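Quick look at what TrEMBL annotates:
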DOMAIN    300-336  domain 'SOCS box'
REPEAT    57-79  repeat 'WD'
REPEAT    80-115  repeat 'WD'
REPEAT    124-165  repeat 'WD'
REPEAT    166-207  repeat 'WD'
REPEAT    221-255  repeat 'WD'
Amino acid sequence: ERKSRGSKAEVRSRGVAKEKTLECGQIVWGLAFSACPAAEEGETDPTCAVGLPCLILATGLNDGQIKVWEVQTGHLLFSLLGHQDVVRDLSFAPNGSLILVSASRDKTLRVWDLSRDGRQVQVLSGHVQWVYCCSISPDCSMLCSVAGEKTALLWSMRSYTLIRRLEGHQSSVVSCDFSPDSALLVTASYDACVIMWDPYTGEQLRTLRHVPLHSALDYSGEVHTSSLRSVCFSPEGLYLATVADDRLLRIWALELRSPVAFAPMTNGLCCIYFPHGGFIATGTRDGHVQFWTAPRVLSSLKHLCRKALRTFLTTYQVLALPIPRKLKEFLTYRTF
């Protein structure tokens, strides 16, 4: 935009965009951006006034509050009250509906509708430990939540009821994420394993085990050296990133059972892919966010077709199609 105005306009505009500081008044434990709104024709920026749409940032605080901000202006839109303890994680529905799910140390998840003045829609109870992470599937049909327990819970985003418990980990599950087509769910645990699930059937498809890269990196003989902290899918759905306590960021290709890339990092707690791929951001205990280049891949036509189909077909619908068995196995990620 600035370049199109000419060099004089560019000089005048320098320094106009200032950093914003949102004063939350509490330790901030969780953050979530809403889906980026589309500007109306003729508008340069989507406007907001709580009439929405605008780009929104939700912040989960130490005292159980959720403060919701308009990013463009830094204006506080809502203070959502209900949780009795730290709000540990937040997730907006990817369809732009302004449904927000919060996960808390009070062992509940709460569903909020920001399009209805931040009204609390539902309280989801089922965990017996602190809830660490929540993730809404890209098709907005399911919600996964994990706590300091060996099971992950899968909820319906339509009825807000429990669909199933996913059992398979040997220690606390701490992170979860859906693939971009909603056909896969991954969970990461202190047991040093990532399990890839079919969320529709509850079937375990494969397990990725975190083993030391080599003995020089095995810093201690403790059982939890490789405890996992975070897992996330890449935007095209062919890679996973994981952060573990063995001081490594790993990149995994879905069709392989071993990592394709490593990066040394200390005190890692969380990771997330840049929405358009190519980069990963990691957060650490010592207060840093680091950025890493990630493998790029040109998706095969087969994968693009699978992704397009699985965006609107469940596993059961695929299995009911009059197509060869091998094709069904490919479409349901049983084979690659």
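From the backbone N, Cα and C atoms, a Cβ is placed for every residue, glycine too.
Away from its own ends, the repeat 'WD' (166-207) comes close to residues 129, 132-139, 141-142, 144-154, 224, 226-233, 235-237, 240, 242, 244, 252, 254, 257, 270, 306-308, 310-311, 314-316, 332-334 of its chain (Cβ-Cβ under 8 Å, at least six residues beyond either end). Long-range contacts of the repeat 'WD' (221-255) within its own chain (CB-CB distance under 8 A, at least 6 residues past either end) are made by residues 171, 174-181, 184, 186-194, 196, 208, 210-213, 261-266, 268-277, 280, 282, 292, 294-295, 297, 299, 303, 307, 333, 336. Regional average pLDDT for the repeat 'WD' (80-115) in the model is 94. For the repeat 'WD' (166-207), the DSSP counts in helix, strand and coil order read 0 helix, 24 strand, 18 coil.
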